[in-house]
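Sequence annotations record features per position, and here TrEMBL assigns domain 'Major facilitator superfamily (MFS) profile' to 20-443. Taken from TrEMBL, the feature transmembrane segment applies to 21-43, 63-84, 91-110, 182-203, 287-306, 326-344, 351-372, 384-407, 419-438.
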Amino acid sequence: MTAETNKGPALGMRHVQALLIFLNITTVFIGRLNVGVSVVAMTNAETTNPDFPEYDWTEAEKSYILSSFFWGYILTQFLGGYLCKSFGVKNVMFWGVFGSGVCSALTPLFIGFGEWQAYCGIRVLMGLAQGVVFPCIHQHLAKWSPPAERNRLGALSHTGIECGNVSAMFLSGMIAKSSLGWPGISYVSAGIAFFWCALWFVFAANHPTESRFIGEQELQYIESSLKQNESYHVTVIPIPWKAIWTSAPFLALLIVRCAENWGLSTLQAEIPSYMNGVLDMDMKSNAFFSALPFLAMWCMSYIYLITAEVLLGRNSVSLTVLRKTYNSIAFWIPAATLVGIGFLDKDQKNFAIALMTISVGVNSAQTIGSVLNTIDLSKNHASILMGIVNTAANIVPIATPLVVGWIVEENSDRSQWQIVFIIASVFFFVGNCIYLAFGTAETQPWDAEDYLQLKNPELANEPYKETKIPKSN
């Protein structure tokens, strides 16, 4: 039975895996991003629950806390790529999220005896744990997604980014205001992580042939569509390091993801501080309006997905054209609106919130635009590519809060925030220009299993070349 005659069930275990990844991304982003609200709550108890300790941390110390997660996160990206190839995605992702949950649970205890320095320490440990996750995610999608459904399943699972952003901003603010206070933010985050681990342990499988719940029809559909031989899942494919590092499409992807992380991390980490300082908003209002842009981002991600499915299903555009178009929307509109935000103060707070909502909302197109491009370039080495990209891209969020802390000496000074937003705009604009020039969604020659075994790599088994994506049912 071939992929052409067998389309597989409309709903199957491949969709369960995508759902598990969605929940995984939501979970780790809640643990990662709740720090923006937590820091405001811990240093301004009057706007949250005054029954819990308040700390007098400087803007520089706050910036260390905000960036400390990424000090550990960048160290385990490469490791994650190797571990999931050696021990399987299921094991590596389980322990990564479990470790992150333990760090969340211990956070209030650490802060109690070590203040901001201990807070930085536990955030570094959380970063180390979460660093293995995203390389595993891309490897998992590569093994479970038929080419015709790869964009759909990948984009759906990655909407967990937006869901995690909304939950981290909104729920954290509500929890901080409640009887649980700011410690409750960490405890709830830990509980969510442990619950996900239980779901993953029961329903996840490293690849379709290992799943206990998959039907024969769906198994044949996935395996035949990926054109894999029987020994594929136990074969270790050599990594063509030179070819990867000299690949223009891969380097363009690397640059555009770094640019994206600068712009988005500016918004993710600094929106609560900007709203509290420049727009003079209390924590309850801050929590809602800090979450609003990411709620728009979440909603827009589904609009982008539906539009992409229609365009690809009708063979209106190639996957490369779709990726570059979506990425341009995601980068260039925020590049313009961020400049405008810097010229507004508390007298125009509604306009500022509207522009911020537009900036973050349209940016969700970057998931289809460039996030999934690692799988396009090489399904066999997707975890390695993601490890490289995420290592480089997440050095950026280390620098972003530190740069903001250096520029913004007075939290209520609008002119200082103008500089922050203009820098983010430049990154958005230039990064996408490079991606437009050199990016592609075509599978690269070095993805072939026999690439390094031939004297002439150009004769390697011809990879899948995209022109139009066939319609899938």
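Yeah, the Cβs are placed from backbone N, Cα and C, and that goes for glycine too.
Pairs of Cβ atoms less than 8 Å apart link the transmembrane segment (63-84) most often to 384-407, out of 21-43, 182-203, 287-306, 384-407. Within the chain, the transmembrane segment (326-344) has long-range Cβ neighbours (under 8 A, six or more residues past its boundaries) at 256, 259-260, 263, 304, 308, 351-352, 355-356, 358-360, 362-366, 368-370, 414, 417-422, 424-426, 428-429, 431-432, 435-436, 439. The list of residues near the transmembrane segment (351-372) in space but at least 6 beyond its ends in sequence, with Cβ under 8 angstroms from a Cβ of it, reads 141, 150-151, 154-155, 158-159, 161-162, 253, 256-257, 260, 263-264, 267, 271, 278-279, 289, 292-294, 296-301, 304-305, 308, 322-331, 333-334, 337-338, 340-341, 344-345, 435, 439. Sequence-remote contacts of a segment are chain residues at least 6 beyond its ends whose Cβ falls under 8 Å from one of its Cβ atoms, and for the transmembrane segment (21-43) they are 49, 53-57, 62, 65-66, 69, 93, 97, 100-101, 103-104, 111, 123, 126, 130, 133, 137, 140-141, 156-161, 163-165, 167-169, 171-173, 176, 181-182, 185-186, 189-190, 192-193, 196, 199-200, 268-273, 276, 283, 286-287, 290.
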